[in-house]
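Lifted from TrEMBL, the feature list:
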type     : residues  : note
REGION   : B:1-20    : region 'Disordered'
TRANSMEM : B:42-60   : transmembrane segment
TRANSMEM : B:72-93   : transmembrane segment
TRANSMEM : B:114-144 : transmembrane segment
TRANSMEM : B:164-185 : transmembrane segment
TRANSMEM : B:192-210 : transmembrane segment
TRANSMEM : B:261-283 : transmembrane segment
């Protein structure tokens, strides 16, 4: 279980996350949505202890991440597919990670099998495509058999087969009673695999509801319609063509 | 696991029996696995040993025609370049996390962070010790052809020689740790390598040239000096890493105008060069966000 309470994160004058509160519960896939720069990745980095909150708290199973006795067994983390030394093979990357927790070689082979990396496990990670890098990141997240998973854009760069696999995987993980927090920009994908959706914009909570609730609130459209309505006022980076198409003035949008 | 909402964390019941987290021995094992799974440290080790042997061999051959040829006088001639090898080895361990994105993986697995730095110190020292012993051995082997051509044998157990060999080994290990400290502090490989080379090789020579245009560069190890007049520039040189190492062997001589720190003083200066940047890196690693 992930609990974020009144979380604020500032970098100098910039406020990336602003009083954010939400809970990702066991047994559910919680989708985490927001425009670029909304504070999703910052929130996830605070949850896994890479950054400290300016105010508020983020806890996993009731503890601050840094206070978890065995982090890999509590939380599986995939923040960025580029979290691997390009000169190291996938197998050795996972083995080094496993050794921090005394996890055996057989479990490393197991997650390599689960993520379909057998044929490339001995290749240097620098030669991997984005999709293979994502699979390696997911393998690392599964390594400690954790009760909670934090996955930042896990389907980014995956082929259709891989997208389908991630969908099945996160559904299965949640069905086993695990907590899954997953960010994505792919609305159709989230509509298919998320139970609840947390939408943020400019660091603030815009919505925290189930997918059917959001769709109903938007007037019976799609999750995408609901998302676009909710984030219309908080998009920081918008292409000029989109402004013109939607009739927004330059002063309102493009910065 | 059907009662999903009433079981906050079902995972401990599954799979792996021992659910203990990172301990220092485990983090050391992980860092050793990382160091030995890259090509560059191994390549640097091989090149360092080869450079040490070949340079010593060339130097000993060149001076073997001198009437007063002493093979041991050439023993340290490969050292200035061999120490660059271990410096870079240390830098690569120190910057490897941050020059790539690996730090995200490493510090989510070990959120207390400092055990990683301690483990890097341990594995760098261990790897550097192996490379250094081999590099010193290669230097000794490099002396053999020249000594043989004059019908001389090397007496490795006599006089100051054991201390000289130990001092060379300590110097090389210290340089690897200095590289690690600078790498951990600067986090980017190129600036850290440049800083290390400037500190160890360029600054002492530049200071010497600035203070006395008549003297060009560092004297070879093993040459005794008659007039050790202490100067300000000499003192500065003595407390640079490249100057401090000349004190590791008593009577081996130092830079002109440098005060005699003694073996203990040399070790203390080197330790400070490793521990101060490493301490600053540790404080920052512990206190700051990793993004």
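Residue positions begin at 1 at the first shown residue.
Placement of Cβ uses the backbone N, Cα and C atoms for every residue, glycine included.
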Residues of the parent chain within Cβ reach of the transmembrane segment (B:42-60), under 8 Å, 6 or more residues beyond its termini: 36, 71, 74-75, 77-79, 81-82, 85-86, 88-89, 92, 127, 130-131, 134-136, 138-139, 141-143, 145-147
Result, the transmembrane segment (B:114-144) in contact with the transmembrane segment (B:192-210) (3+ CB pairs under 8 Å): no
Interface present between the transmembrane segment (B:261-283) and the transmembrane segment (B:72-93) (three or more C-beta pairs under 8 A): no
Same-chain residue ranges lying at least 6 outside the transmembrane segment (B:261-283) that approach it to Cβ under 8 Å: 94, 114, 117, 121, 170, 174, 177-178, 180-182, 184-185, 238-239, 241, 243-250, 254
